[in-house]
């Protein structure tokens, strides 16, 4: 049974099921879907609010765990020179899509679409990991390179959401951020007191942080990102990203272990709440997002990684330029975070729906990457041509 559950999580089945359910529902009975998503669901709160503003706080918290662990001595981002090439590639994976999006928008788009520049900066960690494993094999160095890139991408994405996509209706109210600062101070004190359960950090640090962001009209889904680094953890990391250390019983490790399965299956809710767009909603912004993900990602990542080589920061051993090219294509799968940003970038439901469709269509990058790998003679690790 456990093996089947892990298989469902590994292939992101809950998220895909939520997306497909939302697409069918929104196209067959759009009024019913809209009513379910935006009417009262939990008391006065809508299903969309519960999903995007409360549940997604735990999604971003899991990303924050990986970033925190990766920065520890022995982690994938430590020492920094080991991570410089993938980090430079990450910068290219942001600059490239933004450049392609804005350039195409100036040629064939509209000023109404400009705010969507942040959508194609995201890389979906789960789908990128799955695609890389299927193309390269389980232990290929591309896996670690791509995961590090995706995690760093998420960190940049969090900054983009927080800084560039505040509430479009209500102005930012900075004084309320004192609540978030208070939550961080409480978490710091709990750590100094060596509190070993993660629950006090969530309740006494996370809740004020959430309300502070909410009242400041910034996105409360980022609330736990400010708290997670305070959870006690080992002074040294002995595993790679998304692996588990059976000897690590720290609050940080327990939080990830106990909440990751909830988040993985809860992504059904996210897909259901955010992917319900009509196929008729597709317009120019759909293709701006899709093309920026497909062409901008691979171009930016490839060029910046090669620049890193020229500066003396080589690719990981066993990873060549053809592997880099395919990794750049895989990174064009935006999906989860791209859907989230699309919901924040546009208030017009027609434009928002079209942008979300571009994020959903980015899953088509997967077969493009597989075809490119075949053309370049790449096989799963263990074959002589890999």
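Placed from the backbone N, Cα and C atoms, the Cβ positions cover glycine too.
As annotated by Swiss-Prot, transmembrane segment applies to 10-30 (among others).
Only residues 6 or more beyond the boundaries of the transmembrane segment (45-65), in the same chain, are considered here, and those with a CB under 8 A from a CB of the stretch are 36-39, 125, 151, 154-155, 158, 206, 210, 214, 219-225, 227-229, 252, 255-256, 259-260, 262-263, 266-267, 269-270, 272-274, 336, 340, 343. Under the heading transmembrane segment, Swiss-Prot lists 45-65 (among others), citing sequence analysis as support.
Feature annotation from Swiss-Prot assigns transmembrane segment to 84-104 (among others). Residues 77, 114, 116-121, 123, 145, 148-149, 152-153, 156, 287-289, 291-293, 295-305, 307-309, 311, 313-316, 324, 328, 331 of the same chain lie 6 or more positions beyond the ends of the transmembrane segment (84-104) yet place their CB under 8 Å from a CB of it.
The transmembrane segment annotation in Swiss-Prot covers 116-136 (among others). With a threshold of 8 Å between CB atoms, the same-chain residues lying at least 6 positions outside the transmembrane segment (116-136) that come near it are 10-12, 15, 63, 93-94, 97-98, 100-102, 105, 142-143, 146-147, 149-151, 153-154, 156-157, 160-161, 164-165, 242, 285, 288-289, 292-293, 296-297, 323, 326-327, 330-338, 340-342, 345-346, 351, 355, 358-359, 362-363, 366, 369-370, 373, 378, 380-381, 386.
Long-range contacts of the transmembrane segment (142-162) within the same chain, counting only residues at least 6 positions beyond its ends with a Cβ under 8 Å from a Cβ of the stretch, are 60, 63, 66-67, 70, 76-77, 83, 85-87, 89-90, 93-94, 118, 121-125, 128-129, 132-133, 136, 218-219, 221-222, 225, 240-242, 301, 315-316, 319, 323, 326-327, 330-331, 337, 340-341, 344. What Swiss-Prot records for 142-162 (among others) is transmembrane segment, and it gives sequence analysis as the kind of evidence.
The transmembrane segment annotation in Swiss-Prot covers 169-189 (among others) and rests on sequence analysis.
Residues annotated as transmembrane segment in Swiss-Prot, with sequence analysis given as evidence: 261-281 (among others). Outside the transmembrane segment (261-281) by six or more residues, the chain places 5, 8-9, 12, 14-23, 25-27, 30, 33-34, 37, 47-48, 50-52, 55-56, 58-59, 62, 336, 339-340, 343, 350, 353-354, 356-357, 360 with a CB less than 8 A from a CB of the stretch.
Annotation source Swiss-Prot lists transmembrane segment at 287-307 (among others), citing sequence analysis. Long-range contacts of the transmembrane segment (287-307) within the same chain: residues 85-86, 88-101, 104-105, 109, 113, 116, 119-120, 123, 149, 315, 321, 324-325, 327-329, 331-334, 338, 342, 355, 358-359, 361-362, 364-365, 368, each at least 6 residues beyond the stretch ends and with a Cβ under 8 Å from a Cβ of the stretch.
Marked as transmembrane segment by Swiss-Prot on the basis of sequence analysis: 323-343 (among others).
As annotated by Swiss-Prot, transmembrane segment applies to 358-378 (among others), with the evidence given as sequence analysis.
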